[in-house]
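What TrEMBL records for this protein:
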type    : residues                               : note
BINDING : A:Cys499, A:Cys502, A:Cys539, A:Cys542 : Zn(2+) 1 binding site
BINDING : A:Cys508, A:Cys511, A:Cys526, A:Cys529 : Zn(2+) 2 binding site
DOMAIN  : A:271-437                              : domain 'Helicase ATP-binding'
DOMAIN  : A:480-738                              : domain 'Helicase C-terminal'
Amino acid sequence: MEKAAKIVVDCPLRDIDKTFDYMIPPHLDAFIEIGSRVIVPFNRRMVQGFVVDIEENYINNEKFKLKEIDKVLEFPSILDEKLVKLAKWLSFNYNSSLFSCIQSMLPRGIKLQLSEQYSLVRSTLDSDFNDFLSKPRQLGDILDNFQLTKDQINRYLLEGYIKKTLNIKTVVKEKYLQEITLDRDIDEITVPATALRQQQLLELLDNQQRLILSELPAPLRGAVKVFQEKGYIKSKKIKVYREPDTLNLNEVQPKELNCQQQKIFGQLVESIYEESTTTFLLKGITGSGKTEVYLRFVKELINNGKDAIILVPEISLTPMMVSRFKERFGDMVAVLHSGLTEGQKFDQWLKIKEGKVKIAVGARSAVFAPFKNLGAIIIDEEHESTYKQEEQPRYVTRDVAKKRLEQTNGTLLLGSATPSIESYYNSKIGNYKILELNERANNKPLPNIDIVDMREELIKGNKSIFSHSLHSAIGETLGKGEQVILFLNKRGFSATTLCRECGFTFKCPNCDVNLTSHHQGNFLICHYCNYSLSLPNSCPKCSSKHLRFNGLGTERLKEDIQKNFPGAKIIRMDNDTMSTASSYNEVYQNFLEGKANVLIGTQMIAKGFDFPKVTLVGIILADMTLNFPDYKSSEKTFQLITQVAGRAGRADYPGRVILQTYSPEHYSIRTSSQYGYEEFYNEELAMRRSLAYPPFTRLAKIEVVSKSENTGRAVVREIYNKLEEKLENIPESIQLLGPVVPAIPRLKNKFRFMIIVKFPHKTSFLNIINQLNLIKFKSDIITNIKVDIDPATLM
DNA sequence: AGCACGCCGACT
DNA sequence: GTCGGCGTGCTC
């Protein structure tokens, strides 16, 4: 009786989701489990792989003998069985290769670089060759130095002159420090009176007992060497975990919970002891103290011996959340997000894996943090679209979290001031339990939102981008020494640049979009492919000199503010000004300290900011997000307005919000200005129902991207026909739409074609799409096929 | 992805 | 004849 293992190999294959079978040799049997990382021979070379299944009674076929697993890399295994199970679920549900799913669960730095080396076993007739191979050499090295062919090398191998060994290198190395301590009684050590450095070192060692070699100044390291030679000291390697920078931490006493918070806390605590998974939706207005509830809940989990994961929507928000948790839980917290260095990521992951921490705070991929006894996952700002992974595997974090928690009967806690339509609907139909916080902790009312109809301003003869009321409000606010935030969801100077005589507009040569002007209009840049061009003096088509900037971006807004309010000190915050990782924090500090009094920004200013002196928020043009050609644009607009409005009046001064729009009658704008989530939800849900959009149906987006327009069109047609044929015999109603031409048909010089599928929640569609093996429709290397299940947008 | 095989043209 | 160009096919 023999054992075999199913293994996913680290090798991109045409047959996207194939596993390969290998024998488990008896001497490795004790170390191989589901989730083990192994090295296997694969088509004349060695590759890395993961064990995803073990077959106990494998009968080896004489005709087709399986190869054996060569090495096991870690024991206990790098992934546990539960995570492998989750990877299989991911692979099935998001039409992704099992390998890509496993990869997304591990830090990239864990990857190995394999290379083969040759060394001498017994002497050949060529003495130069013998000398050369006295130490291990790469094949390329040998071929460069000797007139040998690969065949001749292989003959040497066969005849036993040389041998091949596998060299395994990790991309990221674990970090160690040298710690030195005295190895003798201090009285036994005599240092010459002239040796100043040695005396300093001895004194330091006497005072501090242990010293870290790399922290000593260079001259003292010389003295360390002398001591080492004399045997006065011993040194020891100590493992350190690389830590990301954190904001300044203060000792913080837990805040008293108010009545609402207390009640919610009670319900969360109850769920810890339940033998099933509960999903809670915590709907709490800005400033209602959601984080304090998270902190208390996590404390309770830890007291029960469980681990917790806290997810935040983007990297810039992690430092805030991390410091809140570190203040309360000290070094029980690990941080995981893509802004860390490879080494930091690796070490933070290792700390979790080794059970050294109980809490992980991070971006979406932290949902896979390798805790053994996961008690809860908290998803803060659950409605954010950043929780959708846009690369393979294209998962929805909320659904992955739920699936993962089912393995340990853990609790899923979704928090938001403006829950996604899907989540709120789920709470209405009883899938999630709703928890509500509608009192602000400081009892301050939410700021008033005044809508200004920009059409009327135009009729009144006001052609500027500021309505009368916004203009005077900015003046007043600045006059009182208070601060203003202006929100505009478009970076750059102007949206389009056109010729006033012939109507020519500047377009990107690679994408079907207009170029956005930057740097006072001197440069034209494509926001999709970064193509840029300096603005010519005249129209390329008719040579007219009358070029005009149309539409408004943050850059021009800044210029206009400067013109209208000469005393204003302005900071701009958008993708262009946020070049480095630290700039976010810099802007935050500068504005907080009052070094500027106007903050202009795109949606990145909508979240997390807490400035006590901001009393006015201006939304320059709410229509910008509203007119996005996507079924979620109303929802996004509502959420953005609510969030941005929440930046005003956070401390002692009352705040106000002025919202400028050309469509004040739109329900997103109407309801958000009243903080009417329920009204918005009802209108939006009715719309979704009538048009058959989520949550009433599920969506899939199949996108064909090709350098050749004709190939792309042909491939999408072929897929459509095949799908149509497969769906014929299915009783459930699955709706195929397309092929659809997307809003931007050409991006980075590639043509795009889409098929949209609407399918029910209980579905066999996933089976069908997985069996279809779309890769085989791929006719050439210039055509790509992407499948996105539950996409964040249909664009 | 890599690695070998094979089939064709350019050269000793 | 044979060296090497890269198109094609396979990987338990």
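Each Cβ is built from the backbone N, Cα and C atoms, and glycine gets one as well.
Sequence-distant neighbours of A:Cys529 (Zn(2+) 2 binding site) (same chain, 6+ residues apart, CB-CB distance under 8 A): A:Cys508, A:Asn510, A:Cys511, A:Leu747, A:Lys748, A:Asn749. Confidence over the domain 'Helicase ATP-binding' (A:271-437), given as mean pLDDT on the 0 to 100 scale, stands at 96. Here the binding-site residues are A:Cys499, A:Cys526, A:Cys542, and the one whose Cβ sees the fewest other Cβ atoms within 10 Å is A:Cys542.
For the binding-site residues A:Cys502, A:Cys508, A:Cys539, the ranking by surrounding Cβ atoms (within 10 Å, all protein chains) places A:Cys508 first. On a Cα basis, A:Cys539 (Zn(2+) 1 binding site) lies 18 Å away from A:Cys526 (Zn(2+) 2 binding site). Note: the Zn(2+) 1 site is recorded as A:Cys499, A:Cys502, A:Cys539, A:Cys542; in the same chain, A:Arg500, A:Glu501, A:Gly503, A:Phe504, A:Ser538, A:Pro540, A:Lys541, A:Ser543, A:Ser544, A:His546 also have Cβ atoms within 8 Å of that site's Cβ centroid. Within 8 Å of the centroid of the Cβ atoms of A:Cys508, A:Cys511, A:Cys526, A:Cys529, where the record puts Zn(2+) 2, the same chain has further Cβ atoms from A:Pro509, A:Asn510, A:Val513, A:Leu515, A:His527, A:Tyr528, A:Asn530, A:Tyr531, A:Leu747, A:Lys748. For A:Cys511 (Zn(2+) 2 binding site), the Cβ neighbour count at a 10 Å cut-off comes to 20, with all displayed protein chains included.
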